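Colleague: Just dropping this structure here.
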Amino acid sequence: MEKDSLSRADQQYECVAEIGEGAYGKVFKARDLKNGGRFVALKRVRVQTSEEGMPLSTIREVAVLRHLETFEHPNVVRLFDVCTVSRTDRETKLTLVFEHVDQDLTTYLDKVPEPGVPTETIKDMMFQLLRGLDFLHSHRVVHRDLKPQNILVTSSGQIKLADFGLARIYSFQMALTSVVVTLWYRAPEVLLQSSYATPVDLWSVGCIFAEMFRRKPLFRGSSDVDQLGKILDIIGLPGEEDWPRDVALPRQAFHSKSAQPIEKFVTDIDELGKDLLLKCLTFNPAKRISAYGALNHPYFQDLERYKDNLNSHLPSNQSTSELNTA
């Protein structure tokens, strides 16, 4: 990370427009004046500092992002640069410079004409999404906040994951803002405030998979408990053995109910797609499919052109299903 009191970020990058503002800070579309005026996305985040400087957790997260960037994975957004500027003794402005992609999956789904996204396009996008996610998991990165707004879609239909590996960097900025973070893609173990690991991302993938068919979210809760209730209305109340032990909210707080047919809520999905969706939307994270397992699901068996180069982005013998968060 380069620190410059004259703000190198302001010298090298010319802001064109503000393109987003969320719990994590503002995002700007900008020109990179040192690289032919290419468009980039600037994400500006405020980080709490102390006498010792920037928190070690922040430095580690940036180091992980830098390491992932060396692989240039096709389904992960590129990180071009990181700049820091001290604002005060207790705060630093961190500027992350990413490649710019014009639309996210939310915009894409809003714009798609009737009758919706072709089933083959959904399959293609899902495979790319899972390939990017498996790459992150194989490098011990849990996304934690996967949703259509941070899945980018290029003009050629390439999927790129964004906003990963930044949970600790974002924590201070989020405490300063009142923006509500959506619950609609959160796994049951997160809603119950239980321990969690990579399976949380596969739950989010299941929600996104369903939304590609529906063009609207599958579970739209207004609070953690309401969200959990909406989930159980569809997938049914799990057995006692699948309810986490370390949570304040007991299984008995919810009415006993059976699972409803998923095709009632996700029409046009075929049998293999339904099987994959239910494996993602499995209540118990230990029984949920992994990203690597999902990539090898029969649903994708006719996408051999992707499987040919899948292994070039995976470490050998890497199990990705049980990585714990620190």
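Heads up, residue numbers simply count up from 1 along the chain you see.
Here the Cβ of each residue, glycine as well, is placed from N, Cα and C on the backbone.
Here's the feature list from Swiss-Prot:
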| type | residues | note |
| --- | --- | --- |
| MOD_RES | Met1 | N-acetylmethionine |
| MOD_RES | Tyr13 | phosphotyrosine |
| DOMAIN | 13-300 | domain 'Protein kinase' |
| BINDING | Ile19, Gly20, Glu21, Gly22, Ala23, Tyr24, Gly25, Lys26, Val27, Lys43 | ATP binding site |
| MOD_RES | Tyr24 | phosphotyrosine |
| MOD_RES | Thr49 | phosphothreonine |
| MOD_RES | Thr70 | phosphothreonine |
| ACT_SITE | Asp145 | active site, proton acceptor |
| MOD_RES | Thr177 | phosphothreonine |
| MOD_RES | Lys264 | N6-acetyllysine |
| MOD_RES | Ser319 | phosphoserine |
| MOD_RES | Thr325 | phosphothreonine |
Colleague: Using the alpha carbons only, what distance in Å do you get between Val27 (ATP binding site) and Tyr13 (phosphotyrosine) once rounded?
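Modeller: Per the Cα atoms, Val27 (ATP binding site) and Tyr13 (phosphotyrosine) stand 13 Å apart.
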Colleague: Please identify, among the recorded positions Tyr13, Thr49, Thr70, Asp145, Lys264, the one with the smallest Cα-Cα distance to Glu21 (ATP binding site).
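Modeller: If we rank Tyr13, Thr49, Thr70, Asp145, Lys264 by Cα distance to Glu21 (ATP binding site), first place goes to Asp145.
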Colleague: With a 10 Å radius around each C-beta, find which of these modified residues (Thr49, Thr70) has the fewest other C-beta atoms nearby.
Modeller: Thr70
Colleague: Roughly where does the domain 'Protein kinase' (13-300) sit in mean pLDDT, to the nearest integer?
Modeller: 89
Colleague: Between the binding-site residues Ile19, Val27, whose Cβ has more other Cβ atoms within 10 Å than any of the rest?
Modeller: Val27
Colleague: What's the CA-CA gap between Tyr13 (phosphotyrosine) and the residue listed as 'active site, proton acceptor' in angstrom, rounded?
Modeller: 28
Colleague: What does DSSP assign Lys264 (N6-acetyllysine), in three states?
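Modeller: Helix, per DSSP.
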Colleague: If I take the alpha carbons of Ile19 (ATP binding site) and the residue listed as 'active site, proton acceptor', what is the distance between them in whole Å?
Modeller: 19
Colleague: CA-CA, which of the recorded positions Gly25, Thr49, Asp145, Lys264 lies nearest Thr70 (phosphothreonine)?
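Modeller: That would be Asp145, nearest by Cα distance.
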Colleague: Spatially, which candidate from the recorded positions Gly25, Asp145, Lys264 is nearest to Thr49 (phosphothreonine), comparing Cα atoms?
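Modeller: So, of the listed recorded positions, the one sitting closest to Thr49 (phosphothreonine) is Gly25.
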